[in-house]
Amino acid sequence: MASETETFAFQAEINQLLSLIINTFYSNKEIFLRELISNSSDALDKIRFESLTDKSKLDAQPELFIHIVPDKASNTLSIIDSGIGMTKSDLVNNLGTIARSGTKEFMEALAAGADVSMIGQFGVGFYSAYLVAERVVVTTKHNDDEQYVWESQAGGSFTVTRDTSGEQLGRGTKITLYLKDDQLEYLEERRLKDLIKKHSEFISYPISLWTEKTTEKEISDDEDEEEKKDAEEGKVEDVDEEKEEKEKKKKKIKEVSHEWSLVNKQKPIWMRKPEEITKEEYAAFYKSLTNDWEEHLAVKHFSVEGQLEFKAVLFVPKRAPFDLFDTRKKLNNIKLYVRRVFIMDNCEELIPEWLSFVKGIVDSEDLPLNISREMLQQNKILKVIRKNLVKKCVELFFEIAENKEDYNKFYEAFSKNLKLGIHEDSTNRNKIAELLRYHSTKSGDELTSLKDYVTRMKEGQNDIYYITGESKKAVENSPFLEKLKKKGYEVLYMVDAIDEYAVGQLKEFEGKKLVSATKEGLKLDESEDEKKRKEELKEKFEGLCKVIKEVLGDKVEKVVVSDRVVDSPCCLVTGEYGWTANMERIMKAQALRDSSMAGYMSSKKTMEINPENAIMEELRKRADADKNDKSVKDLVLLLFETALLTSGFSLDDPNTFGSRIHRMLKLGLSIDEDETAEADTDMPPLEDDAGESKMEEVD
């Protein structure tokens, strides 16, 4: 008896949606497979849930699976699952006559420029089949109904027929896509495997692909010879047996066989208990996730339960990628799943920029499937997930720090990220600060933490001292450290460009203020005798300070007697809230710097002179004798320019500085000035350049 076929009209909105999908060009059509596999996974979830209370529900088909069958002969691709299936009314209602609330919203989102890949979020993922197919046939069998076939070419209507003659499914759904002529790539085994791995690798049911295997078999012509024997019986030749064996023709025949190939071999590792997973399994998962050829350095596997549920596995690689801070590169190190379905791998809201090197996956039970980027920015669930991820990452770094060798590797690769964290993450700043490591005046070749520094602080020392500069070599003999070293205070060497930014935010650690050795406001404990001596020297050198200020003009803001320099004649310090010499150097190196900021941030310098230094004492005597003495002015300018260099600044006019040095050399070697008068005619008069700043403005 022929089955009756019923024809139904698509509901108006669904018709509109189909028209949009078919007639608009979308570049990422490949998402259809993700959507259909996701639907299969949902159907399997439903039957698995029903079977918990009634095992007989699985009798018709005990195995839970998803099968993908490409058929090049008919240009069809079938997705088969042993899920819950659909009754006739499910078919009619779900696939065409009742518009889901999401249909209209999805079309509005598409019109507003949203991506077609969001389709599943609106509950209409099935229709993505029409991105690649001109005709779709759905065969389905529910435990409570007979087998039915739904069919449509999306021309405004669909048909539903009771299936009596077709292959019986037992239970489940088979979707057959009759592919468009320009979409036949989806019949290729490699393409399908890549797609399943990309989008559906961690679906919790086995996804098997029907693959074709062609093997070549090489056989001798024995079989053919038997057939020809009768015809050739009369032609007998005396041929050497061995020769005949050699010359016997070989024949290649192709054998074609088909078999199921399991694609999602990687079981969702995050669904298992951490204690059950071996180091090798984590390593294999890490490599499959990141395509890294090395194993990871550390892993954190955890789940959060309660009002919000998600599971995550986070990895720290052994080395930093070459493009770690490439701002043009999309961050795609954390893959976001929702209930085992891959959603996206470049979700910027999931993890802050300073943790961009951490790789892994997050699987949420609460986020809606296929959540859009716009919704992500507002999503409260995601904000909670992000907060937890940051917390767990910091915990992981502390775990790495327990092994000194591992932490050294980690710190070498990712210290800049931690410092960026100090700069950007006010919530976790104090915690991240404990992870910082620096060389210091007392640490030798080892790195020291701020915590260790605090334990070594001298009695009466209230602040943590640091110096910033270009390199350890550049700062370890800096004049700024002389007094601090003499008093036995430890000074941290901050020689990474990003240290300047980090320390700008990290004002203190464990209640101890971080104080720069190169800025104003360095106050060191002094005895009464020291204070008295300082006042006397201040008075004694007051005249020289005025002379130096007159000579240097607006190159310096003021000239004072120093209590930080012990051996050097002088140094140049910057304002407490302005840029250090090192920061000025960094800002000059910025090709696209903001020049408006430089004017007020590159603060005026204060020249601090050392009254105990023999050069300064001699200069004082000469200035007291005659403040217009030409040699005094020349010496002051030379000392200033030398102090610029030793204090970490750059010279605006190195040629003039060189000429001054040469003049001093001549004096030292008693070379008569008249002999070289001609050569000196180009030298600028010392008095004229006194009022002009020779420092390059940082613009």
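Even glycines carry a Cβ here, placed using N, Cα and C.
Swiss-Prot has this to say about the protein:
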- N39, D81, F126, R373: ATP binding site (BINDING)
- 228-237: compositional bias 'Basic and acidic residues' (COMPBIAS)
- 672-690: compositional bias 'Acidic residues' (COMPBIAS)
- 215-250: region 'Disordered' (REGION)
- 672-699: region 'Disordered' (REGION)
- 695-699: motif 'TPR repeat-binding' (MOTIF)
Across all the protein chains here, work out how many other Cβ atoms are within 10 Å of the Cβ of N39 (ATP binding site). 21
CB neighbours within 10 A of F126 (ATP binding site), counting all protein chains shown, number 19
Looking only at the motif 'TPR repeat-binding' (695-699), mean pLDDT returns 39
D81 (ATP binding site), number of other Cβ atoms within 10 Å: 29
DSSP says D81 (ATP binding site), in three-state terms, is strand
